Amino acid sequence: MFVGVGASRVRDLFNQAKQSAPAIIFVDEIDAVGRHRGAGIGGGNDEREQTLNQLLVEMDGFEENTGIILIAATNRPDVLDPALLRPGRFDRQIGVTAPDLNGRTEILKVHSAGKPLKDDVDLSMVARRTPGFTGADLANVLNEAALLTARLSLKQITNEILDESIDRVIGGPQKKSRLMQEQERLNTAYHEAGHALVAASLNHSDPVSKITIMPRGRALGYTMVLPLEDRYSVSRNQLLDQIAYAMGGRVAEEIIFHDPTTGASNDFEKATSIARAMVTQYGFSSTLGSVSFSNGGEVFIGRDMAQTKEYSEATAQIIDAEIRAILDSAQDEAHRALTLNRKVLDATAKALMENETLNFDEIAKIFKAVKKLPKRTQWLSKKTRPVSNIAPIAIPKKRAPKLDLSPAPKVKAKPKPKPKA
């Protein structure tokens with residue numbers, strides 16, 4: 001881009017909006033021009049900063065921009081220049097998160113319009129199987145289902161086809177060309193059975209809804225553990241269960257074959273990420289206490305190159321030791337769960353070898369014999385504090401009414417009587 005072109009285009013944009021007022025200007029991916037100043041290297045950065053400066057001037061400069069609304073969107077708010085977010089500029093920030101259960105159901109209704117669904121298809125059940133999905137993901141699920149229906153020469157979208165389309169959105173299409181040898185299939189069956197069985201034997205884990213050893217994407221199989229309801233916060237015990245569940249696959253391989261495979265690398269990555277967050281962000285370490293050792297988010301060139309760490313090397317060593325302790329404890333917990341339920345582990349692996357995929361009902365039938373591990377001891381952020389045995393209050397049945405912020409319904413104005421002649 002030539003020098004001054006970006007700023008010139010911003011001026012032209014606002015001039016055009018003024019001439020067309022009232023007008024709305026929408027800037028998608030505002031972080032492309034609104035990044036933190038001084039966050040780049042090279043001459044191109046100077047041109048971008050000039051463009052940003054001109055945008056700031058136009059937003060609240062010497063002239064009053066009446067009749068113009070400026071809206072912007074980004075998925076990287078952490079890299080925006082603070083000047084953009086000051087009052088009078090983008091002072092109203094609205095976070096758009098993934099839809100909840102009701103939102104997913106309504107989105108599915110919109111995207112299913114015009115698509116032939118079988119009578120027994122329940123979109124609310126599809127919404128329950130898709131926590132964390134965005135609107136685009138849900139649209140993709142129904143589009144994939146329509147394509148599969150046409151490919152199979154069927155007239156209606158069935159529950160089985162919707163289940164397959166959800167799997168495709170999560171893990172990609174089936175790799176039918178990837179033919180595993182029987183020993184590798186057995187390794188994968190025990191690996192996935194280990195994940196599922198550890199989740200089922202813990203006390204704060206979500207139900208196992210699906211296990212498969214059919215290759216998808218880069219994975220040879222996967223286990224789906226889904227919450228029954230939307231959740232907006234996670235407890236320490238739930239995080240520990242997630243780590244132990246992630247370790248279950250490798251531990252099962254060690255117990256059964258004494259020769260583990262490379263299939264657990266992604267599991268370790270997830271488990272380590274959770275353990276690191278527990279220690280450095282959530283204050284779940286009795287040794288370090290309730291302290292947040294923030295790393296400032298993702299490294300951003302220029303802005304972060306001169307940043308210093310917020311803790312010493314000695315503290316970094318303690319953090320590493322605490323993370324290792326959490327991971328080791330979770331691996332031991334997974335080992336106890338699988339050793340205690342060895343017969344169920346074998347039965348699950350056998351069912352996977354025979355059927356390749358197990359649904360919720362089939363899993364529940366096998367897992368009837370699962371023995372739960374005892375609950376963990378009460379945790380305190382400081383070990384010297386006394387343990388309280390007083391139970392919390394019961395959840396009240398009555399609530400104060402919420403403030404209704406919905407717009408009032410429009411009242412039609414009565415027509416004026418015609419004047420008499």
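All positions are counted from 1 along the displayed chain.
Just so it is clear, glycine is given a Cβ too, placed from its N, Cα and C backbone atoms.
Noted in TrEMBL for the protein shown:
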- 2-96: domain 'ATPase AAA-type core' (DOMAIN)
- 120-163: domain 'AAA ATPase AAA+ lid' (DOMAIN)
- 179-366: domain 'Peptidase M41' (DOMAIN)
- 391-421: region 'Disordered' (REGION)
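Beyond its flanks by at least six residues, the domain 'AAA ATPase AAA+ lid' (120-163) meets 98-99, 101, 104-105, 107-109, 111-112, 169, 209, 226-228, 230 of its own chain at Cβ-Cβ distances under 8 Å. Averaged across the domain 'Peptidase M41' (179-366), pLDDT in this predicted model comes to 88. Note: the domain 'AAA ATPase AAA+ lid' (120-163) comprises 28 helix, 1 strand, 15 coil (DSSP; helix = H, G, I, strand = E, B). Using DSSP to sort the residues of the domain 'ATPase AAA-type core' (2-96) gives these counts of helix, strand and coil: 43 helix, 14 strand, 38 coil.
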